[in-house]
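Colleague: The active site annotation in Swiss-Prot covers D128, and the record cites sequence analysis as its basis. Marked as substrate binding site by Swiss-Prot: L75, C76, H77, M113, E114.
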Amino acid sequence: MSQLTHINAAGEAHMVDVSAKAETVREARAEAFVTMRSETLAMIVDGKHHKGDVFATARIAGIQAAKRTWELIPLCHPLLLSKVEIQLQAEPEHNRVRIESLCRLTGKTGVEMEALTAASVAALTIYDMCKAVQKDIVIGPVRLLAKSGGKSGDFKVDAHD
């Protein structure tokens, strides 16, 4: 099993030193789901929400969150992201919204946390915009779908999960 990279020999948390790592193209994708009543989802899809375009706001929030991940997650490095993309899709058959984020850069550390943060904050934004009409909205699951680049190799979630 791999060792925890953010814990030193004394058991103390620290930020990993990436200065000796090679710069490679790194990419990560994550997803989040927001489940709600069919009436709430219809209001979003039909553009009838009194707060405005829920998907556009969630998309911008997710992009902004990816860029600020290093301020939210204590041991993350500040990164120069070259791409952040947020896709939102209504899934009326499940009364939910599926959010998929993509983050990319050429650098010395991965972008998994940025992708996860982007999807999570986009989901939280949907909740925030819809909580006046429905308080029992459910967020989750949130998960990493894939990552590529870097020394640890590629990862892709099993298609059956």
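Using the three backbone atoms N, Cα and C, a Cβ is placed for every residue, glycine included.
Remember, predicted model here, so these are calculated numbers, not experimental data.
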Colleague: Excluding L75, C76, H77, M113, E114, please set out which residues of the same chain place their CB within 8 Å of the center of the CB atoms of the substrate site, keeping sequence order.
Modeller: T69, W70, I73, L79, T109
Colleague: Could you give the Cα-Cα distance between E114 (substrate binding site) and D128 (active site), in whole Å?
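Modeller: So the alpha carbons of E114 (substrate binding site) and D128 (active site) sit roughly 21 Å from each other.
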Colleague: Among the recorded positions E114, D128, whose Cβ has the fewest other Cβ atoms within 10 Å?
Modeller: D128
Colleague: Between L75, C76, M113, which of the binding-site residues has its C-beta surrounded by the fewest other C-beta atoms within 10 Å?
Modeller: L75
Colleague: Helix, strand or coil for M113 (substrate binding site)? Use DSSP.
Modeller: helix
Colleague: Taking DSSP three-state, what's L75 (substrate binding site) in: helix, strand or coil?
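Modeller: L75 (substrate binding site) sits in coil per DSSP, no helix or strand.
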